[in-house]
Each structure stands twice: as structure tokens, then as C-alpha cells.
Amino acid sequence: MSYYSRSPPPLQHPVPTHPAFIPEPPSTPASPQGYQRFASSPPQNQQYAARTQYHPPPFQPIPNPQPQHIPDFAAWGMNDTTAQFGMHLGQTAVAAGQDYVQKNFAGMIQVTMLKHHFNVSNSYVMHKLQLIIFPWRHKPWTRKVRRTEAGLTEWQPPRDDINSPDLYIPLMALVTYILVAAFQTGLQERFHPQILGASATRALLVVLLDFLFVQCGCYLLNVQGTGQVVDLIAYGGYKFVGVILTLFAGLLNLNPTIYALVFLYAFAANALFILRSLRSVVLPDSPANVGTVNPASRKRRISFLFLEAVLQVVYMGILVRV
């Protein structure tokens with residue numbers, strides 16, 4: 001048996017053919033970021049340069065959230081169940097109080113109304129204080145109105161009308177009165193922290209008493225379209241300006257006669273201011289109310305205004321006794 005050696009056939013490799021001319025790709029503008037676009041793969045050296053120029057952003061560790069501080073109720077002699085029940089009861093009470101105030105007082109005092117009475121400027125405050133202290137030659141006392149886009153009429157804000165009542169001056173005067181009263185008692189070496197609370201309580205009670213008197217008088221006299229609650233509170237708070245002037249006169253250790261004269265002037269100025277300001281509430285000048293008020297009712301209303309003005313000496317006398 002004979003074996004024949006047979007070699008494999010030789011491999012035939014394809015011969016590459018190259019075109020005679022390779023056209024150049026069209027040039028593209030450089031990117032604003034400094035990158036260049038290639039029609040084919042960039043050379044090896046440019047790829048290496050691009051890889052070496054890449055700088056990863058620095059690693060920023062994510063801060064761990066701080067755990068909320070949970071009070072240790074055990075230190076107060078309460079367990080967790082009792083503490084949670086107390087917190088839940090407190091939240092329920094606060095929510096019930098907010099709901100009660102919203103239902104019962106939202107119709108009386110609105111947020112937009114408060115914004116209207118705090119819409120003041122520096123010029124208004126200076127001229128208003130001048131009007132309260134020197135009301136003798138001021139004219140006119142009528143308030144200005146404006147027409148809204150809906151065709152309704154409303155009072156202009158205090159910024160645009162000096163006769164419009166505001167809450168900024170009464171509130172600042174109330175705080176100043178409490179501080180001046182405490183300072184005066186300190187100079188007399190009888191200051192106590194309770195004086196701050198006593199002065200604030202006395203001031204608020206005087207304002208509340210004055211407000212209730214005006215409201216009851218308007219109700220008994222059948223005054224239609226009485227002023228808003230905030231307006232009457234603002235008018236009653238302007239008396240603190242005269243009270244502060246009287247307290248400053250006491251701080252200067254003036255002669256008792258001069259101190260009494262300052263008090264009488266502050267009372268007279270505030271009485272005239274209240275008399276002329278509340279006239280638009282008790283005796284409105286609108287044509288719809290002129291024919292409905294008979295002479296007898298008009299006389300009673302004027303007497304009520306004078307009584308309200310005279311009562312200012314009682315209110316201010318209570319406030320200056322610190």
C-alpha cells in the first residue's frame with residue numbers, strides 16, 4: 001500500500017486596489033468649544049492628546065443629612081406615648097383656634113383691609129403727626145375716594161390721602177407709650193418688669209372702651225353706614241401721640257403748671273381731631289343721608305360727637321398716670 005504525499009493548494013490573497021485619486025472632504029468651521037470635526041477617524045496622536053487633555057470633575061462627597069433633634073421626653077418624666085398624645089392635642093387645639101378665628105373674625109377684619117391701613121409713606125407720617133398735634137387750621141377734613149376698574153368706589157389709601165385713618169401711627173405710638181412709661185418709672189426707681197404688661201393692658205383697655213362707646217352711640221343713634229371697625233380703632237389710637245408728648249414733658253421735670261398746660265393742649269388738639277374726623281362717620285355728607293336725618297336726630301348726633309371729644313380728657317388722664 002503506497003502513500004502519496006499531497007501538499008495543500010497555495011492560498012490566494014486578494015490584491016487591494018486603490019483609486020487613483022481620493023477627494024478631500026469639505027472643510028468645516030471650528031466649533032466654538034475648540035473641537036474639530038473630522039470626516040474620518042483622527043490620527044492616533046490627536047486621539048492620544050484628546051485623552052490626555054480630559055480632566056474629570058473633582059469628586060464632591062454628598063453631605064450626610066443631619067438627624068433631626070428629638071427631645072428627650074423621658075428627662076421630663078414622660079414616656080413617648082404621653083408626649084405624642086400631648087403634641088397631637090396641642091396641634092389640634094391650635095388648628096381649632098385658627099378655624100374659630102377664621103369663621104368669626106374674618107368678616108370683621110380682612111387682610112386686605114389691614115394692608116390698606118398700613119399703606120403709608122414717610123411723607124404721610126410726618127404730615128399726619130403735624131395734623132394730630134396742630135389740627136387748628138387744617139382744611140378740608142373730608143376723605144378722598146377713587147373708582148376701581150370694576151366701577152366701584154373705595155377710600156383712597158393713607159399714602160394718597162392725609163385724612164384717611166391708618167394703623168401704623170397708632171401701633172407705633174402704642175409701643176412708644178409703653179417704653180416711655182417704663183423709662184419714666186425707671187427714672188423714679190420703681191421699675192418692675194410687670195410695668196410693661198400693666199401699661200400695655202391699660203392702653204388696650206382704654207382703646208377698647210373708646211371703641212365700644214363709639215359703636216354703641218352709632219347703634220343707638222341709628223347711624224347708617226358706620227365706619228369700619230379698623231377705622232374706629234385707628235381714630236382711637238391717635239390719642240397716644242398727645243399722651244407721649246405729656247410724658248416727655250414729665251421726663252423734663254418741668255414746672256407742674258407747664259406740665260398741666262402741655263396736657264391740656266394735647267387733650268384739646270386730640271379732641272378737635274376726633275371731633276372733625278368722626279364727623280364723616282356720624283354725620284356723613286353724602287346726598288343720600290342729608291334728607292334722612294331730621295333736625296332732632298342731627299342735634300343728638302352733634303351732642304354725641306362733643307361728648308366723645310370731651311371723654312378724651314378722661315382717657316388721656318388714665319394713660320398719663322404711670
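Glycine too: its Cβ is placed from the backbone N, Cα and C atoms.
Noted in TrEMBL for the protein shown:
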| type | residues | note |
| --- | --- | --- |
| COMPBIAS | 7-29 | compositional bias 'Pro residues' |
| COMPBIAS | 30-50 | compositional bias 'Polar residues' |
| COMPBIAS | 55-68 | compositional bias 'Pro residues' |
| REGION | 1-71 | region 'Disordered' |
| TRANSMEM | 167-187 | transmembrane segment |
| TRANSMEM | 199-220 | transmembrane segment |
| TRANSMEM | 232-252 | transmembrane segment |
| TRANSMEM | 258-275 | transmembrane segment |
| TRANSMEM | 302-320 | transmembrane segment |
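Sequence-distant contacts of the transmembrane segment (199-220) (same chain, six or more residues past either end, CB-CB distance under 8 Å): 174, 177-178, 181-182, 226, 229, 232-233, 235-237, 239-240, 278, 281-282, 304, 308, 311, 315, 318-319, 322. Sequence-remote contacts of a segment are chain residues at least 6 beyond its ends whose Cβ falls under 8 Å from one of its Cβ atoms, and for the transmembrane segment (302-320) they are 177, 202-203, 206, 209-210, 213-214, 217, 221, 239-240, 242-243, 246-247, 250, 263, 266-267, 270-272, 274-275, 278-279, 282-283.
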